[in-house]
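Participant: Supplied in structure tokens, the structure appears directly below.
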């Protein structure tokens, strides 16, 4: 095995030859490293917070929102765990009262009045709690008037059960009614195009609604994410610029009965005005499209976030089209 080195100006290329002399075996070209998006195609923001200080306490201070934002598997796990712990704790309290009073040893004595009738052990105490909490009321186990501590515990159980039910069921209801899945039926075009429309160079992409239910007061906005350096020398790694998609004319207010084409005119006020076709394909920037509206059937407001363009990918995500006769 021998290697030949060829020089082309300042660039070197290594060509490897085999001993059999069958030809040259060039190494495969290196793949371009894929840059991570700021916003994925599914709308998930790739942002991680760190070194904030007291982050956990801030999340716990807003526990309701934290539970709603959790994934379904963690939400269901906390839901089941909370009820299980609460049930075992309250059943243990009823068993402890019966144990301290000596009701477990005298439960079969007809002349003795226990705190809770027909409670012999922990399973029977647990069954009594479930019957009371679920308001089943079989009538076999019941609290007697000779047990003031049992009456106090019963009141505490009722209040605690109402709080746990209101909190957890409220979290589950809010999570199920979130309009995130409604955003899956709002479709965006895979590619954007730059072409002439009405005599103006225009950036265009399409958006459509798959459902028959309308999006009331739908509004669309576009943000350009690009790093830049200020005249003072400050480097802004993630500067946000607004792309005009019809604020002055009201074109940003959408009536999504059929698919619509969203247009951004590349004029002197556009961030793309000084960019050529070649520079657009080499510059690193990202366009984030934000679509908001109210669902007609539920009255909820979905928030659709999509990363529309990313120019440093090898695949054609920015289709540059020029009308015939235009340069």
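Backbone N, Cα and C define each Cβ position, glycine as well.
In TrEMBL, annotation is done automatically, which means it is predicted and not curated.
According to TrEMBL, the protein has these features:
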REGION    1-37  region 'Disordered'
COMPBIAS  14-25  compositional bias 'Polar residues'
DOMAIN    39-179  domain 'Potassium channel inwardly rectifying transmembrane'
DOMAIN    186-301  domain 'Inward rectifier potassium channel C-terminal'
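Walk me through where these features lie, including what they touch and how far apart they are.
Facilitator: Predicted-model confidence for the domain 'Inward rectifier potassium channel C-terminal' (186-301) is 83, expressed as mean pLDDT.
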Participant: How do the residues of the domain 'Inward rectifier potassium channel C-terminal' (186-301) split into helix, strand and coil according to DSSP?
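Facilitator: The counts are 6 helix, 62 strand, 48 coil.
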Participant: As a quick check of your reading of DSSP, tell me how many residues in the domain 'Potassium channel inwardly rectifying transmembrane' (39-179) are helical, how many are strand and how many are coil.
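Facilitator: Going through the domain 'Potassium channel inwardly rectifying transmembrane' (39-179) residue by residue, I get 89 helix, 4 strand, 48 coil.
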